[in-house]
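To start, the structure itself, in structure tokens.
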Amino acid sequence: MAAPRTRSAGEQILFNIQNTIYSLNNKLEKDVREHLKAVYGTLCVGLLAAAFGAGLHLLTDYFRANFLLSLAPVGLMIALSTTPCTPENERKRFYYFLGFTCLSGISTGPLIEQAISVDPSLIMTAFLATSVVFGCFTLAALHAPSTKYLHLGGVLFSAMSLVLITVLFSRSAFIDFACLWISFGINCALILYDTQMICEKRRRGDTDYIWHTIDLFLDFINLFRHILALLKDKEFRIVCICCNINVMNMSNNFRMLASVYAVNELRSLFPASFLTLSWVPFAGMSLGLNAVKVFLSKKIFLRLDNYMYSAYLRTCLFVFENVSAVQINFYGDYKDLISKRESAIILSNHQSDTDWAAILMLASRQQDGEHMLRVMVKDVIHFTPLFGWYIYQHGFIYVRRFKNFVLSPVIRQLKYLANLGEPFWLLIFPEGTRFSPKKYSVIKSSQDYCRKNGYSPFNSVLFPKVNGFALALNELKGSLDAVYDITIAYGQASDPKRLRKAPNMLEFVCGSGPRRSLHFHIRRFSVSEIPQDKDAIKTWLADRYSAKDKLLFIYVLQNYLRILEQFYSEGDMPDLVEKSASLSPLCKTLPAASLYAASLIAAFLFPIPRKFFVATVISSPFLILWLRIRNAY
């Protein structure tokens, strides 16, 4: 008798796969098998949508990971969860799912972009590795007894909460390292738990395959992100699910797959969701205060309004200072800024949507100075629900950019500030738009204008526009005490892989690492030092921005890494006053943050606060209409 032929390794693998599929067909009920086919088929479509979203980030300038796009998945998740699972709604819910997965792909784009710069083959390697890991744990869950891993639910969610809190506030390398191991175990266990939970829900009559796919999609996308982060270089980055990159530098000996299903997701969603949702109760209280404004004196109304506004801004400080734990360094006339409670125009370079929060940190260094801050902003911001209405009535100034400039609304707001009767800061970004290395045409236009006007081309700022500043000087001359020239530098921009790009709000809060610092160079000018003639003002302003460019010139020096590291770590900006300044104390920021957190919890738990919450949101279109009627822009 001939001896049985020995199978090759490949044949043995195929044989094992066939046995696995055959055993699953016998083990799982028919309705569960059909449900899983729908789930995994939808998962494949979702992964294709995520790949499309990553492509949008890589190939376009309009669909890139940013603060606003980080909020969109939250809205889509709410829409998906509140839309009943019926045949009539199936297509609508599927579109919500596709939008969610596409936005998740966009949020993964920055990490893919960095990996491509190292080695494009890493993308396929990471995807294949993710598929293998995900597939192994999925098969383990399906082959195990049907309820074997369901008891993990409570343990996993408790562990996720503990790790979330630890990662948010810890800056210890050892604790971060321990959290990575715990997170790895949590993510692997979640694949087991989610897979068995989907099967059990189907056995109990739940046929919502789209919602079930969301769980598996999040498991898969987190695995991919972190395997890719592991592969891309020796010092890897762990990416928050809705922010660009969360840097955790670990030595090469301790690199590992750090899958943080809930921690990474919630850590990036925390600042975006918390601050955005907190605006609703704040706006509701402000609407109530404005409703009784006619019965109050101007002084009492301003005091109450300032008190409420300061509370919200201290909540912002809690996120941007206490949660981020950023290192702050001050240079120049910092002592004048914190000691003189005066009305001033604040001029600043503009490179990120974090700039307003950075200036807020300066304002908070004065006693109860948060509410003093007003900003000259683009008119399109008036469309922001609730926020657009409030900032106008608080004294912010809308300026048209793409249409014919309308003078009267600007003058009206400037007169409001001039007659306010209390100190204020008016923040102006004379560049008109954010400086970004990717805005090649804008930078080229600015440099051409520099040459035309006899200046060396600016490389780190844009040539300033004088109209808004000159108009503010003229209208506020009777109430203005000083002009502060602020130059902001972000330590995160020193990372050569960022190509001088300043961090957005999510990166600023969620990022970590030795370069996460913030530098302020401050120059104070009394109003008497500022020329009155518009042409002279234009020259003065251009000279100030030329000086800013020289402060930041190290961005473009050939010896990039060494000089940047020295600049940001040793404080090579001139006139260092305070290095590693104390952050806003928790006794100042935590009560306000706790108050808003409690108001949000109450809105979810109790009907009366919930109705107040909903009514405030519904009022938003009418408030936008009110701005139009008032000719606010």
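Cβ coordinates are placed from backbone N, Cα and C, and glycine is handled just like the others.
TrEMBL labels come from automatic prediction, so no person has curated them.
Feature list (source: TrEMBL):
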DOMAIN    344-455  domain 'Phospholipid/glycerol acyltransferase'
TRANSMEM  38-59  transmembrane segment
TRANSMEM  65-82  transmembrane segment
TRANSMEM  94-116  transmembrane segment
TRANSMEM  122-142  transmembrane segment
TRANSMEM  149-168  transmembrane segment
TRANSMEM  174-193  transmembrane segment
TRANSMEM  269-291  transmembrane segment
TRANSMEM  612-629  transmembrane segment
Residues from the same chain, set at least six apart from the ends of the transmembrane segment (38-59), whose C-beta lies under 8 A from its own | 65, 94, 97-98, 101-110, 112-113, 116, 198, 209-210, 212-213, 216-217, 220-221
Find the average pLDDT over the domain 'Phospholipid/glycerol acyltransferase' (344-455) in the predicted model and report it.
-> 88
Top stretch by Cβ pairs under 8 Å to the transmembrane segment (94-116) (candidates 122-142, 269-291, 612-629) is 122-142
By a Cβ-Cβ criterion of under 8 Å, what residues six or more beyond either terminus of the transmembrane segment (122-142) are in contact with it?
-> 20, 24, 27-28, 112, 115-116, 149, 188, 191-193, 195-196, 199, 219-220, 223-224, 227-228, 231-232, 257
Its residues classified by DSSP, the domain 'Phospholipid/glycerol acyltransferase' (344-455) shows 49 helix, 18 strand, 45 coil
